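Q: Before we start, here is the structure in question, set down as structure tokens.
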């Protein structure tokens, strides 16, 4: 943010941003229609992974700590939520509260140890912890995690609150919010409401003195230490907050589909959230959510393609050429959609380190420059600033 | 006692693979200052060099099978067998060791290409950017291999001469029952040989001296008018070759599939950190140490005491060491500390 704005100006802009964000999220079922993504299952994933990425951005984007183990908190959130369903009630509220609490405590423990080191050492420590959790969830903790078969709701669960209120039922109940089933659009709007709340909290954090402190840690931790600021509590707070966000996302995953498996905690899953944040724009408010939407959208679209759809798409080409084109594009879609992901990853880091948001800003700057040529120099400083803060 | 000896051997073996990958990683950290998350994928590509060698050696021709008289039947016979009979068959049998001949030039080429085309532009970028771009590269390499070789593990037999087990027990005065696969012994000695070669190269050649000087202080070496960049390209190539050789020779132990690199990548990063960033000796020592610890932790006696310890021992040790000795076992100050 440039100093040219008055504080009131920033607040007004933030309110506009929040309202715009809320409107865009809530109307997703409408404007996602032309992209073929307007079905609730996918929209739910957009919202959930949006929360995950927004939280991750508080640690990585604001504070500058690259964690490669955040999927562990997602997994812990999922397991906690399913256990809340099993033991207490299939109402989603307690499940989500517990998921956030437990993953927050978990993040406190891991962050307390990992944050003793910074830079690449921190990344490796978080990676080591996450791999530990993943391996334990698969093997020794089977009584809690149900190992490879994944944890799910069964008919024999106690569900204390449910039986106390409405008596035992023979059926396996669906997860609900006071009777409103978390399937389809109600599920999406529940996630969307939480996403907007998560966005609001992230925005307040980013604008607060605490957020400024996090940014200071990112830009030069040594200088802060020399001036007598003890930075670790701030970094730890950022770590725990991002862990709570991840736990919330994990809990929501369990709410929409009450199943928790260990593969959610694998380190490639941690890599995915890093990618989302980078793709959208590190350190920006909207970026991580955009990144999550783009990745989940691409995953959905590209992995659904098969040779048949490709043949019909390129049917207008002459036969020989058609086969070649289908062969080549076939590498990038369906089973091979990860190739697209990897290539996208590289292209982005090489050519657009600021992510989509920087692309938008560059285009915006270009347009501004066309409109008012003398101001181009002033405008051009903005992307450079954000690139500098990304280092 | 017998079991302990076996686990020690197992650990040396696994440690050999860890040490080789970690050695390459550390070379790249120490010289170029780049975090290479694609190193596991390069290990995997080395494994697929062995697969390719086998494919090349067994290129076959369809020949009419004379023993079937009732109808026409064709069998595929490798050209090598057609041309040279017994000798040809023996050559095919040695496809894994022979794959070294293919792996060295191919991996060197890949290494130089990656350094020139990609890594070079990331010297001045943040470690996060380096991690991300090499992570992307790793995914791309994996998917290319998956698209061309399929997703299933491809069994790679060791040469028939070393197919059986060695009666290790009788050599050192234990019971004869203690036996250990020959190929694993070969792999251990191979890894020791490669590690020694790399150390000798860095220790006794002028090139190595300059590289070591560059690891200490790159700018001063540059001020002497030495083209350190070009040398670093070669160092990167060497690191990639080491990873590739480790992968090619490991294939009889672990059938190569497209994601074999990822598991080794995480472990070898932990190895590097435990050994100390930028310390070649530390990487090798930590590789063997963690390999041995891991295989001892997978003994049934230990597992019954502390369930699941075999899965997490490496990470536990890594966390403990990082907290007690923040620079790892033999880490130098100032490497990768920002």
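Every residue gets a Cβ built from N, Cα and C, even glycine.
Keep in mind that TrEMBL annotations are predicted by a computer and have not been checked by a curator.
Heads up, here are the entries from TrEMBL:
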- A:16-39: transmembrane segment (TRANSMEM)
- A:46-68: transmembrane segment (TRANSMEM)
- A:88-113: transmembrane segment (TRANSMEM)
- A:120-141: transmembrane segment (TRANSMEM)
- A:161-180: transmembrane segment (TRANSMEM)
- A:187-205: transmembrane segment (TRANSMEM)
- A:234-253: transmembrane segment (TRANSMEM)
- A:273-295: transmembrane segment (TRANSMEM)
- A:337-356: transmembrane segment (TRANSMEM)
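Walk me through the surroundings of each of these features.
A: Proximity of distant same-chain residues to the transmembrane segment (A:46-68), defined by a Cβ-Cβ separation under 8 Å and at least 6 residues beyond the stretch ends, is recorded for 25, 28, 37, 74, 114-115, 118, 122-124, 126-127, 130, 188, 191-192, 194-195, 198-199, 202, 205-206, 211, 214-215, 217-219, 234-235, 238-239, 241-246, 248-249, 252-253, 256, 267, 270-271, 273-274, 276-277, 280, 282-284, 287-289, 291-293, 295-297.
Here the transmembrane segment (A:88-113) has Cβ contacts under 8 Å with residues 69, 72-73, 76-78, 80-82, 125-126, 129, 153, 159-162, 165, 173-178, 182, 190, 194, 235-236, 239-240, 242-244, 246-248, 250-252, 254-255, 258 of the same chain, all six or more residues outside its ends.
Here the transmembrane segment (A:187-205) has long-range neighbours at 14, 17-18, 21-22, 25-26, 28-29, 40, 43-44, 47-48, 50-51, 54-55, 57-58, 62, 92, 96, 177, 180-181, 211, 214, 241, 245, 248, 252, 255-256, 285, 289, meaning same-chain residues at least 6 beyond its ends whose C-beta is under 8 angstroms from one of its own.
Tertiary proximity for the transmembrane segment (A:234-253) is limited to same-chain residues at least six positions away from its ends with a CB under 8 Å from its CB atoms, namely 44, 47-49, 51-52, 54-60, 62-63, 65, 67, 70-71, 73-81, 95-96, 98-104, 106-108, 110-112, 114-115, 190-191, 194, 198, 205, 210, 213-214, 217, 260, 264, 273.
If you look at the transmembrane segment (A:273-295), the same-chain residues 6 or more away from its ends with a CB under 8 A from one of its CBs are 17, 21, 46, 49-50, 52-54, 56-57, 60-62, 66, 68, 70-71, 195, 199, 202-203, 206, 246, 341, 344-345, 348-349, 353-358, 386, 389-390.
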